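Here is what TrEMBL records for this protein:
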- Asp21, Glu208: Mg(2+) binding site (BINDING)
- Asp21: active site (ACT_SITE)
- 22-26, Arg34, His38, 66-68, Trp70, Arg72, Arg189, 195-197: substrate binding site (BINDING)
- Asn69: active site, proton acceptor (ACT_SITE)
Amino acid sequence: MSSSSQLSQNELPKHVAIIMDGNGRWAKQQGRPRVWGHKKGADAVRRSVRFCRELNIPALTLFAFSSENWQRPADEVSSLMQLFKLMLKSEVKNLHKNQVRLRVCGDLSAFSTDLRQQIESAEALTADNQALTLTIAANYGGRWDITQAARQLAMDVAAGHLQPEAIDEQRLGQNIQLADLPELDLLIRTGGDLRISNFLLWQAAYAELWFTPTLWPDFNQQVFSEAIAAYVSRERRFGCTSEQVCALAFRQSKGT
Ligand code: IPE
Ligand code: IPE
Ligand code: MG
């Protein structure tokens, strides 16, 4: 892509999510412990946030820790928790200065009170920022997400606030995480594996998927630009025919 800034804003994705994978393998290549890869991954997070701010992409969601990642060796899990705390502490001011609204999604009940408080105060501080919503998915699983939404609706039914017949996709969708953000447009996975690993199962229904062998600590503006260029070049049909999509685009360009 010559320059992403040449693209008009409505061609760009409004919501990008990234499965930040490959830290362990990157560290291994350097002959260092896995946690070194996670530390270096933090730089790639900063670069990605900066890139989204430059392009005025309004929502970025990063998969930091999955509900399955608890199965890793205890010392790796605790290093990841430490790093998460450290990042919250060191980055929040800068995010706030850059008009970034920080959010954390996932089952936070598994985290220490200390960490939960830290998350709450970072979210509160940045709540009114408008330029970019950065969501960190921590102890997140797509199946957990759909289950918690279903449980919420079941509770509404049990309390007499909701008729079962009133449950439709829209109603369930309102209870799924990130419901207040733009629809997910682009889902990127680094590290070369071609799977979703229980990330945004509901939200990714019509997202464009883009995979790269680049390991997460090496992810930079150039690789991100490649993903955006691929996204922009694709035709999103949402179940329609190519002709219908073209006719709609034509009408929109005429403002009719
Ligand atoms: C992604 O990198 C970070 C987390 C899952 C927390 P990995 O740690 O999965 O790195 P690889 O896939 O083993 O290289
Ligand atoms: C997905 O990576 C989770 C995160 C990036 C946080 P994993 O490394 O856990 O995924 P699998 O195990 O290869 O599917
Ligand atoms: Mg991995």
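For all residues, glycine too, the Cβ spot is worked out from N, Cα and C.
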Take the C-alpha atoms of Trp26 (substrate binding site) and Glu208 (Mg(2+) binding site) and report the distance between them in angstrom, rounded.
26
Just jot down the residues in the same chain as His38 (substrate binding site), at least 6 apart in sequence, with C-beta under 8 A of its C-beta; none if empty.
Asn23, Ala27, Ser79, Leu80, Leu83
For the binding-site residues Asp21, Ser67, Glu208, which residues place their CB under 6 A from an atom of ligand 1?
Asp21
I need the most crowded of these binding-site residues: Trp26, Trp70. Count other C-beta atoms within 10 angstroms of each C-beta and give me the top one.
Trp26
For Arg189 (substrate binding site), just give me the three-state DSSP call.
strand
Greatest C-beta neighbour count within 10 angstroms, which of the binding-site residues Gly22, Gly24:
Gly22
What recorded positions in the list Asp21, Asn69, Glu208 lie within 10 angstroms of Arg189 (substrate binding site), counting C-alpha atoms?
Asp21
Using CB under 6 Å from any atom of ligand 3, narrow the recorded positions Trp26, Asn69, Trp70, Ile196, Glu208 to the ones that qualify.
none
